[in-house]
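Sending over a structure as structure tokens; questions will come in a sec.
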Amino acid sequence: MASFTRYLRSLKWTPLPLGVGFAVIAATQYRHTRKREEQRLAAEGAACIARPWEVQVYKLLPLRHFSRFWGWINDIELPLWCRSTVLGSYVRTFGCDMTEAEVEDILQYNSLSSLFRRSLKPSSRPVNAASALTSPVDGTILQAGRVSCGTLHQIKGVTYSLGSFLGPNIWSGVSPDDGATADDSCYHNSCITDPDANELHQVVLYLAPGDYHRFHSPADWKVIHRRHFPGELLSVNPSFAAWIPNLFVLNERVAYIGTWKYGFFSMTAVGATNVGSVKTYFDEDLRTNERCRPSCTFSDKTFEGPGHNFTFSKGAPFGEFNLGSTIVLLFEAPKNSVMSVLPGQKIKMGEALLAPETFTDKTAGSDKDCVHNKGVER
């Protein structure tokens, strides 16, 4: 205690620059102003969307550098004597159920990263055999329903463009200059192989830090194309998804595109703050969150020829995140398909996303809304 007292006495008060004080006051005032605006809009039933300058300021933060630094921290090998404290604190904070893990003893994990990417006992995640589509991850449903005229729902009240999210459609044999990439509804139609029988659907799943961080194949399908967008690493927490428009279009993401028994199928892993590393087990060329970000908007890889026949069965291991992120499923399915999940619902890997029931989707509009090849705004 005497040593601690001497240490306190040795401290010297150093005045902060005047600009720092003004910055703190301005930030505090902005926070209060924004909170009042959110409350006002919530009372009116409207969404509080970030202004363009707010998004630009947010993008200026060194989130990619911070994510790489966090990745370095996660990979540090922990001495055996501190694993119980460090890893145990993480398990308790985020409610990780270690009884489901293939290795239950946290002392066997030598780093935070190895704990994040832990494998589970096969019996802990049975795959629903009756459903054609099952959850690829443990997480929370953000959106589930039919896609209307090329407009995707990021979260309630916030939308973004299908064409902007996936980029030019070259996998359907569509010519880049035929207008299918310029118009949302045309792009939408180019993704459907049988418009008389099928529609385009989406499921968006958010992985929290405490969730199981590996992702699996959600269906029996074949991957024919990979597109990597080296974008931003903004947070994909639902509160940010409700605030930042086009969040999933801005962020780094890896889209795997292919076919299943009903036609078009895609699964996109979206990166986020502290989740720059996205790894897939079969695609060794994939590199995410690189120090020198490519100047191109996206890069493509086509899986063709000998040794590139990547067909996945439902529930098969596919890849992994560090910490947590988002998976976006876009797929063609029969018009009478019904979602067996609702936004806000928690779900486990292998649980059903589609149920074989006739339904009318009341949340996404109908094909009759596509007038003159224009998407309607919801």
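Glycine residues also receive a Cβ, built from the backbone N, Cα and C atoms like all the rest.
Pasting the relevant annotations from TrEMBL:
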type     : residues : note
TOPO_DOM : 1-16     : topological domain 'Mitochondrial matrix'
TOPO_DOM : 36-378   : topological domain 'Mitochondrial intermembrane'
ACT_SITE : S325     : active site, schiff-base intermediate with substrate
MOD_RES  : S325     : pyruvic acid (Ser)
What mean pLDDT score does the topological domain 'Mitochondrial matrix' (1-16) have in the model?
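That region's mean pLDDT is 61.
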Using all protein chains in view, find how many other C-beta atoms are within 10 Å of the C-beta of S325 (active site, schiff-base intermediate with substrate).
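Excluding its own Cβ, S325 (active site, schiff-base intermediate with substrate) sees 31 Cβ atoms within 10 Å.
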